Amino acid sequence: MTEKCLQVALDVPLDRLFSYGAGEFNPQIGERVLVPFGPRRLSGIVLATGADPGEYAGKLRSILACPADMPPLPEQVLALCRFVASYYHHPLGAVLAAAVPVVFRGTASFSPPDPEYLYQAGDLQALLSAIGSRAPARLKVAELLAVPVTAGQLRSANPAAMRWVRDWQAAGFVQTTTAEADSAGETLLLGPQPPLNAEQQAAVAAIAAATGFAPFLLYGITGSGKTEVYLQAIASQLAAGRQVLVLVPEINLTPQLEQRFRQRFPAVLLASLHSGLNDRQRALAWLDATQGRAKIVLGTRLSVFTPLPQLGLIVVDEEHDPSYKQQDGVRYSARDVAVYRARQSRVPVVLGSATPSLETWQNAQAKRYTLLPLTRRAVKDATLPAIRLLPVKKIRAAEGLHPLAREAVERALQAGRQALVFINRRGYAPVLACTECGWMASCRHCAARLVLHLGESRLRCHHCGFEEAVTPACPDCGNHDLQPVGHGTQRLEDIVAKQFPGARVLRIDRDSTRRKGELDAALKQVHDGDADILIGTQMLAKGHDFPRLSCVVILNADTGLYSMDFRAEERLFALLTQVAGRAGRHGQGGEVLIQTLFEDHPFYAQLLDGDYARLAQRLLAERRQLRLPPFTQWAILRAEAPQLPRVQAFLDAARLAFPHLRGLVVHEPVAASMTRRAGHERMQLLLVADTRAVLHQAMDEALPRIAALPDSQIRWSLDVDPLEV
Ligand code: ADP
Ligand code: ZN
Ligand code: ZN
């Protein structure tokens, strides 16, 4: 009989499958196998068995092993990965590799710890006599099996115990039960659920009533009880025995949210999948979800690919958050993939936000998504904070805070509450400049300024990681008077500490929370009331619920208002809404002060009204007129190399590879917004199409030609539905 032929997807840059013989193995579709690839061994995923070997008949190499450590990926996930590969024009093997936990991408096999099996001898006497008196060590272990014991208990009696126990198990002397099996009949324990207000009730009812694929936009101001709606929608899924996938944007959101979920569903296994886990922990949580034990998966971007045999509902919290878009490798949007997955699995999907992305808003306007509005704060008496603008044209740098902002902070402290001063820039100052000649410290490898970190006396590039000691004198003119320009969190911390000498000032940014546990400790300090004034970046903007916080001051947030990026206003609105939303969540009124250079911009009228709908309407009208997304479909081909002419030549050639299609515009290559990074010159080419179909047709035709262009120095990538332009 001839050997079975397998089609295997491998994580190599070639966009095709590879044929192997099955050898002595019998892998299933979706299973991982180890294969020879040139001189290397690689892990791959079987996508077809019994395939026609075609031209390779008789010449096939055989697979080397079937580790059987990963349950085969179900068709549901394979199909999702196929969609992602074709939509984002990325090799399927690479997509599949990204979709499984790291431990299943390599050639080492992964051995999860024994589940809490309980071992027990069915007939102890029979076992003892089978062992016989010549093996006293084994007899001792066997005697333990008179009652149910764990592998750990057996091993501590004798390190070799589990080897023997497995033999006895195979011979039928020993049986296992799991601790889990014991608790299987347990009813779902719910923590206390607050009664919902009318809008929340309507939202939960609409989600519960959905049959099959049904996309919802849960549009609720901050603190309106969106999370409560998720929790109660989830409860009804759990009661029906189904699993729920909840996507969250970032790791720092997860601890508080996770705690809330665990308190509500104490008897349910929740798998939390985020970047704070090590590879092993991640794999175990993934296995819990894949094998149906974990009923709730709470995770960041990558969790959208987790196999979930009983999937009943998908939730995407803060759906507008740009961190859902992967910025390297497979550049997918987890939000969009989640919606596709819901469609494919015929389940409802809830996208939640106070400031939806305009793409999603437009889908709701066009009635493709059902709009579920929450218009009031959920906690009784909690109102939205009053927002005031403070024009800062006349404020000197050293002052930092506007006098009225200072008064507001003072008021909060007097009332025994907390204040947050928000600035979206870490470090001491974004620029170090010479007072004589105007020289500014710049990165050697990027088109970017170096950020001054005064504490460590270092200049750092926030783009490539380059750093150097602060120079004592200007390298151009020798002047010793170098001055920091502008504000970062560290400088603000200094200023605020001087202005409020009695207050406990706590800075929370990526620098202050680099080490494990530091962020949790800082957040705890805030919750316990052991800090009075918080200085923070957008790490503090999202998701946190600080009951004592009543005053928020926002500095230098609006520099992007007049930028080239057409998403700047949408982003700024989301950011400011989120930061402002931290204030006064638990009654007693909140105060938000925004220091701005552009107080007359129409943006602020809408922000002050809290009128996202009006802003969205204005921006969507602009985009329709200017033929910007979501009214046109975009993709960007990016390229970089050490020498600019090569990049230019590559993109010129790439441009010619695109077919002339009606409804497609292939723009001239232009410099990327950051023209040089980490020593590479960067350019890009923009594709604009009337429809997705045209865009994808163009890419399908052009990409094989572009891949064949001969310049090995060029690094290039394709970004479909780009967020950064
Ligand atoms: P969001 O997710 O929209 O920011 P949350 O669900 O976190 O809002 O709710 C904000 C606060 O209101 C939380 O403290 C929450 O416990 C509380 N809350 C939500 N819904 C209700 C309700 N129906 N009754 C009382 N309190 C509620
Ligand atoms: Zn100088
Ligand atoms: Zn740099």
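Quick reminder: no glycine exception, Cβ is built from N, Cα and C everywhere.
What TrEMBL says about this one:
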type	residues	note
BINDING	CYS434, CYS437, CYS474, CYS477	Zn(2+) 1 binding site
BINDING	CYS443, CYS446, CYS461, CYS464	Zn(2+) 2 binding site
DOMAIN	207-374	domain 'Helicase ATP-binding'
DOMAIN	458-627	domain 'Helicase C-terminal'
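Where TrEMBL records a feature, it is marked here on the structure.
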residue: CYS434; record: Zn(2+) 1 binding site; DSSP (3 states): strand
residue: CYS443; record: Zn(2+) 2 binding site; DSSP (3 states): coil
residue: CYS461; record: Zn(2+) 2 binding site; DSSP (3 states): coil
residue: CYS474; record: Zn(2+) 1 binding site; DSSP (3 states): coil
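Just so you know, the Cβ of CYS464 (Zn(2+) 2 binding site) picks up 17 other Cβ atoms within 10 Å once every protein chain is counted. Of the chain residues outside the Zn(2+) 2 site list CYS443, CYS446, CYS461, CYS464, ARG444, HIS445, ALA448, LEU450, HIS462, HIS463, GLY465, PHE466, ARG677, ALA678 have their Cβ within 8 Å of the site's Cβ mean position. Each of the binding-site residues CYS437, CYS443, CYS474 was scored by the other Cβ atoms within 10 Å of its Cβ; the lowest score goes to CYS437. Taking a Cβ distance under 6 Å to any atom of ligand 2 as the criterion, the binding-site residues CYS434, CYS437, CYS446, CYS464, CYS474 reduce to CYS434, CYS437, CYS474. Non-local neighbourhood of CYS477 (Zn(2+) 1 binding site): CYS434, GLU436, CYS437, TRP439, each in the same chain, at least six residues away, with C-beta under 8 Å from its C-beta. Mean model confidence for the domain 'Helicase ATP-binding' (207-374) is a pLDDT of 93. Nearest Cα neighbour of CYS474 (Zn(2+) 1 binding site) among the listed binding-site residues (CYS443, CYS446, CYS461, CYS464): CYS443. Filtering CYS434, CYS443, CYS446, CYS461 by Cβ distance to ligand 3 (under 6 A) retains the following binding-site residues: CYS443, CYS446, CYS461.
The Cβ of CYS446 (Zn(2+) 2 binding site) has 22 neighbouring Cβ atoms from other residues within 10 Å, across all protein chains displayed. Shown in sequence order, THR435, GLU436, GLY438, TRP439, PRO475, ASP476, GLY478, ASN479 are the same-chain residues outside CYS434, CYS437, CYS474, CYS477 whose Cβ sits within 8 Å of the Cβ centre of the Zn(2+) 1 site. For CYS461 (Zn(2+) 2 binding site), other Cβ atoms within 10 Å of its Cβ number 21. Around the Cβ of CYS434 (Zn(2+) 1 binding site), the number of neighbouring Cβ atoms within 10 Å comes to 21.
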